[in-house]
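K.L.:
Could you have a look at this structure, given as structure tokens, before my questions?
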């Protein structure tokens with residue numbers, strides 16, 4: 001194809017050489033012949049310029065014209081723009097030498113379906129060849145509405161990008177109060193409905209970038225100067241204030257910690273002395289004592305059953321001498337019963353919501369009750385109200401007395417437990433640490449530690465002398481509802497909704513035993529308070545069980561309640577156990593050999 005095109009163009013250039021030899025007179029005659037109906041031609045002097053519309057190419061002054069023998073349809077390929085591609089050594093006329101070359105634009109238009117192909121580059125050439133007028137060329141360059149919208153969208157996006165780049169380079173305060181102050185100085189609303197801190201900061205950033213782009217730097221700088229002036233006007237003393245990383249306690253708390261430390265040192269010394277005596281004295285047979293205590297526990301049987309209230313019972317507690325029993329119910333009423341006949345002595349009324357727990361003082365006949373009305377109350381054995389402890393933000397769960405009897409601990413659903421002075425009613429300590437509600441409390445028999453459990457499935461051990469959490473015992477997979485220290489000083493029992501009772505060794509800081517105790521959740525756990533030879537657990541499976549503290553094997557199952565057991569307590573001498581249930585009954589479980597032992601003691 002390229003060889004044919006070269007031959008054709010070579011013949012055309014030969015023809016042009018012959019045309020240049022013709023006379024000037026013949027040229028004047030030929031000027032009157034029209035080339036095409038839509039293409040006007042203009043003839044001027046030698047120093048004028050002939051403009052051809054072919055390919056929108058400007059030609060330098062040429063004296064030559066297109067001969068009449070060339071058909072009109074051949075005109076497009078006759079364009080001499082391909083001259084530089086020919087390697088013919090023949091001389092080229094001066095007018096044709098400087099013509100620009102664009103090979104792709106010299107192909108003639110090919111008709112498709114009766115229409116001419118259109119392109120953006122050579123639209124003028126196609127219009128001239130197809131005979132279209134100049135009006136068609138002007139319509140081809142008109143910008144459509146869609147193009148205009150697209151162009152505006154692109155310009156808007158470019159402006160937004162530039163604005164974001166400008167905003168990213170600006171320094172914007174990170175403090176939300178400083179952001180609000182600058183917005184106020186700039187005359188903008190300090191906050192919008194539902195606007196968060198980061199959104200407010202981004203709004204200030206874009207506002208500052210817009211002011212910078214609009215050239216309103218004076219307004220921006222004035223706002224910055226006002227902020228600096230306000231900051232410098234603040235008193236210098238505030239900058240020197242250093243806040244402590246801890247919460248300072250009261251003088252009463254300090255005194256209480258000192259008293260607890262002194263009390264615990266004496267108690268722990270006595271406990272260690274007793275343990276060493278049992279270990280070193282050849283007359284002491286610990287195994288025999290444990291066997292006797294387990295035999296007594298194994299002989300526990302139902303001795304008495306009494307209806308305790310019109311509503312389900314929630315808590316129970318035995319006095320330190322075992323002569324009185326206290327119970328509380330969902331009616332908000334607590335009652336005191338004589339033991340072992342279980343006869344009502346007095347009624348304690350005062351709570352406005354259900355009572356959740358009751359506990360006797362370890363040193364006196366005072367007792368404390370907890371309620372869902374967010375208060376704890378202190379009573380005497382005659383039923384008189386002595387003091388009310390207020391301060392919790394949610395309902396109370398379990399409560400416990402310190403072994404000294406001078407302090408009361410309360411656990412609440414507000415995720416805290418608190419320590420109160422029994423004599424003055426003052427709140428000494430508000431302790432946080434659990435991520436969910438705190439349910440149970442138990443004081444160490446030495447008085448130095450307290451254990452708390454809660455709905456976060458965690459058991460925490462706190463040092464009352466320093467206020468620190470010294471142990472976080474993880475193992476339960478569901479909320480823990482009961483916790484109890486053993487009198488041996490190093491065992492801690494916990495039970496919860498995962499139906500298991502865990503025995504924690506405080507010396508090893510881990511769980512040493514896992515007892516699959518019940519078929520339902522465990523509501524309460526209690527060690528035998530004198531020596532800790534056995535452990536009692538209460539459950540929602542309507543049973544209470546006794547376990548050996550030597551190997552934590554089952555010793556006795558106490559069955560008889562018709563509903564879930566809510567709480568239990570063990571007498572100081574371990575001779576009987578009391579349980580209260582949702583069936584509104586109080587049941588007393590006692591050893592069969594009590595009377596025989598009393599006769600032996602008399603002898």
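Here the Cβ of each residue, glycine as well, is placed from N, Cα and C on the backbone.
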K.L.:
To which of the residue ranges 23-63, 64-104, 105-145 does TrEMBL assign the term region 'Disordered'?
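P.N.:
Feature region 'Disordered' in TrEMBL: residues 105-145.
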K.L.:
Which sequence positions outside the repeat 'WD' (389-430), separated from its termini by at least 6 residues, show Cβ-Cβ distances below 8 Å to it?
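P.N.:
Same-chain contacts beyond the ends: 249-250, 252-253, 256, 259-260, 263, 267, 315, 353, 356-357, 359-364, 366, 368-378, 436-447, 450, 452, 454, 464, 467.
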K.L.:
Between 0 and 100, where does the mean pLDDT of the repeat 'WD' (431-472) sit?
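P.N.:
Reported value for the repeat 'WD' (431-472) is a mean pLDDT of 94.
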K.L.:
Which bits of the chain, at least 6 residues beyond where the repeat 'WD' (431-472) starts or stops, bring a Cβ under 8 A of a Cβ in it?
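P.N.:
Distal contacts: 249, 257, 260-261, 263-264, 267-268, 271, 394, 397-404, 409-419, 478-485, 487, 489, 492, 494, 496, 504, 506, 509.
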